Amino acid sequence: MAADGSDRHTAQVVGADGEMDGPVLERFAAAAGLVQRGLSYAVVSIFGPQGSGKSTLLNRLFGTSFAEMDALKGRNQTTKGIWVAKAAGIEPFTLVMDLEGTDGRERGEDDTAFEKQSALFALAVSDIVMINLWCHDIGREQAANRPLLKTIFEVLMRLFSPRKTTLLLVIRDKTKTPVEYLAQALKEDIHKIWDSVPKPEVFKKAALSEFFNVEVTALSSYEDNEEQFKEQVGKLRHKFIHSIDPGGLAADRRGVIPASGFCISAMHIWKVIRENKDLNLPAHKIMVATVRCEEIADEKLRCFMVDEGWLELEAVVTSVPVQSFGMKLNDIIDFYLLDYDMETMYFDEGVRTVKRQQLESEIVNVVHPAFETLIKHLHCTVLSKFKNDLEQLLRSGERFAASARHCAQSSSVEFEAGWRDAVVKHADWDATNSRNKLQQSVEVHTAGLRIAKLDELKATYEKKLLDALSGPVQSILETGERDSWASIRRLYRRDTEHAILEFSDSLSEYELDQTTSVEMVLELREHARCTVEKKAREQAENILIHMKERFSTVLSHDKDLMPRIWTANEDIHAITREARLVALRLMSVMAAVRLDDKQDKIDQALMVSLLDGGSLSWKRSIEFTSDPLASTTWQEVSQKDTLITPVQCKSIWRQFKAETEYPVAQAILMQEAHRRSNNWLPPAWTILVLAVLGFNEFMFILRNPVYILGLFLAFVLSYAVWLQYDIRAYFCHGTVSGLLTISSRLLPTIMDIVMAIVKMSHRKKHSSHLSRRAPSYHAQSFSNQSRQHAEVHYHASPDSPSSVDSSSGSAS
């Protein structure tokens, strides 16, 4: 037999020194299979005088292998401390405890402390306490069994046990006296002992039956009548089978510690007894339940944390959402909670419920990070779907506010469904924070998208206004008409009101508050005004260029916009004044922004101060008491609307006049040149003098035909020369220059004409010869000759005398 309990499930749990070996007890319980028994087990202990055959009885009764005294070696102590063993072949599981014998000489007469401690321990943990008594001691006042019983009753007062313990009095080596008499005598002695034991006030009148079920059995002598002893033990054994059933020896199961907590209970009880403290078994039961339930709960928590299903869920949920997460996790948690319930079902209900709640809470804490990760996935998924759905609705032309509201409601419903799918029923997790976070994200995205859409909408209408106003405003300003700003105001108001009407209608789909809508409309209106002002400032920056362009246009073109020819009839002074007036009016138009219906005197001030003229000077003395341009501001014009200050206008006008003097001078020179070019013939009086003084010569020529023929030939030759040269162009630069040019080219021209006449005569002869051979071509040849002749007379350039030759050559 091994002391550590590894052989035949027998172990010494309390040594002779009174110290309990907890690990040995736990190994014994595990090896014997006690832990899995729940409440289906019974504990039987035996104590009695040393050498009374306790171990022998237990071995024969339960099939154990406790050490027995060898009578041949003398009567001495065999069992030391407390030993435990499992009863063989008995259901339910029966734990047998063999206690050290009392009244042993080894401990001495005064050392009764261990006897009381072991007796109290046996009463605390046992369902059945067997007391071994010698038959011949019954009825004696000072018999060995009376101190033993008194010890049992004394320690009983310290237990506060809620259940009855069965006292099985085993009469050993019975005589011929009937068992009934022996039992009656024992019960009377027991009652006397019970009455003589000092009791606490609460148990003063308590009867023995309230604490014990007293049973008596008698056995023959093992040494003298072994067969009969074995037969009687066999009958007694039947009483221990199903001992915990109603009517059995251990029927009272109140306060029974579940088998899995027996080791903890036994160790704690022995510790309390050794410390000589009162043992409150109900409180001890709570303690054992607490310790054991905590152990079971810790074990289930560890098992849950290494569960493959949970680890798989935890791994998957870190990367992707898991469908039916809550249901899968509930199944795993329920499995371990049910396992906990099965193992703790026999412990105190209050304790196991509290520990179950703690286990549930700890499991929930373990899974909460994974749940939070899943909710983050859900948050991202729902938010992403919200963004996509909203974008699709907006692309399809749906109104913004209605679409955002619809998508937000759909997202809320989807989130709630996902939450219900992910939530664990064992956890009291509140969805408010997550719901609010999603709602906040939806609102932030909606607000951001609304701002972007509004900015896009605003930019669209701003571009429309820019396109509608920029070009026309520039065109109107460039005309420089008196009513330019009136036209710009009409254009500005018409296009702005039209854009604002459409813009307000577009804003209605966003369901903005009144203040925001008004602000955006005002911003659009201000943008339109800024567009006009910006374009006006751009034009004003280039005012000098525009003024010179307007001046040049008016100066160099007539009213029909045809290029002006500076003839003698053109009044350069008036035209120049008109051109400067147009330029000055252009500067007046661009001097200030006039989008408000306010009258100003900019035009009058510029006319009076800058444009020459007696009437204007007289008007200046009437309307203005001082120089109106000697200031940096215009009267009745705000600083922000001023584009060109009066001082700047004066400076620009001086520069303008300086830069436009050259084209005026050019016009004057061109007019003078034109006048001279039209006077190349002699004056009329010269012709009259020649006619009077040359009358005789004229009459002489008329009377002489030869002179007439010569004059005719001279006329023809002069006409041919006239056709060859641009006589007017030669005399534009003076008479002498013209005569020199003509004289230098006269002889080559005459030679060309003579050569052309000779060639024409040759062609004529050649044509006559061909007409005799091919008369059908006569008409065509005559036509060609006529055309060739015309080319000689009309297409020859005065600068290229040889052109006549080339024409003739090609004709020939």
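Numbering starts at 1 and runs along the chain as displayed.
Heads up, the Cβ atoms here are built off N, Cα and C, so glycines get one too.
Residues or ranges marked as GTP binding site by TrEMBL: Gly48, Pro49, Gln50, Gly51, Ser52, Gly53, Lys54, Ser55.
The compositional bias 'Polar residues' annotation in TrEMBL covers 778-787.
Among the features that TrEMBL reports, compositional bias 'Low complexity' is placed at 797-812.
Residues annotated as domain 'GB1/RHD3-type G' in TrEMBL: 38-253.
Here TrEMBL flags 775-812 as region 'Disordered'.
Annotated transmembrane segment per TrEMBL: 706-725 (among others), in sequence order.
Annotation source TrEMBL lists transmembrane segment at 737-758 (among others).
Fewest other C-beta atoms within 10 Å: among the binding-site residues Gly48, Pro49, Gly51, Gly53, that description fits Gly51. Taking the binding-site residues Gln50, Ser52, Ser55 in turn and counting surrounding C-beta atoms within 10 angstroms, the largest count is reached at Ser52.
On the 0 to 100 pLDDT scale, the domain 'GB1/RHD3-type G' (38-253) averages 81 in the predicted structure. Remark: Lys54 (GTP binding site) has Ile46, Phe47, Gly48, Thr79, Asp98, Leu99, Gly101, Met130, Asn132 as non-local neighbours, by Cβ distance under 8 Å and separation of at least 6 in sequence.
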